[in-house]
Amino acid sequence: MNSLLMITACLILIGTVWAEDGYLFDKRKRCTLACIDKTGDKNCDRNCKKEGGSFGHCSYSACWCKGLPGSTPISRTPGKTCKK
């Protein structure tokens, strides 16, 4: 039983460590996903969850996501924004 708890705890920790936070980035257009501060939170949350993140919100007119998989393209700064 203790082994099962330890394995579960390790898997949760690994998932947390490998998760990334950042602005959703469109590699093709080379820009971050635009939003309207405060009113764009629902769209950002939906787009972040679609990309595998835990949640998202609008920050500096771009969609900031928490808990994205490492394979999802992100930017650490809002930079140039574009519509999806």
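The backbone N, Cα and C atoms fix where each Cβ goes, and this holds for glycine too.
Since we're looking at a predicted model, the values are computed, not measured.
Annotation comment: Swiss-Prot describes 1-19 as signal peptide, evidence class experimental evidence.
Swiss-Prot lists 20-83 with the feature domain 'LCN-type CS-alpha/beta'. Secondary structure of the domain 'LCN-type CS-alpha/beta' (20-83), assigned with DSSP and counted as helix (H, G, I), strand (E, B) and coil, comes to 10 helix, 27 strand, 27 coil.
Marked as disulfide bond by Swiss-Prot: Cys31-Cys82 (among others). Its Cβ placed at the centre, Cys31 (disulfide bond) has 19 other Cβ atoms within 10 Å.
Under 8 Å, Cβ to Cβ, and six or more positions away along its own chain, Cys58 (disulfide bond) finds Cys35, Ile36, Asp37, Lys38, Thr39, Gly40, Asp41, Asn43, Cys44, Trp64. According to Swiss-Prot, the feature disulfide bond maps to Cys35-Cys58 (among others), an assignment based on sequence analysis.
Per Swiss-Prot, the feature disulfide bond maps to Cys44-Cys63 (among others); the stated evidence is sequence analysis. Cβ contacts within 10 Å of Cys44 (disulfide bond), excluding its own Cβ and spanning all protein chains shown: 25.
Look at Swiss-Prot and you will find Cys48-Cys65 (among others) tagged as disulfide bond, backed by sequence analysis. A C-beta separation below 8 Å, combined with a sequence spacing of at least six in one chain, links Cys48 (disulfide bond) to Leu24, Ser54, Phe55, Gly56, Cys63, Cys65, Lys66, Leu68.
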Legend entry - Fewest-neighbour residue among disulfide-bonded residues, criterion Cβ within 10 Å, set Cys35, Cys63, Cys65, Cys82: Cys82
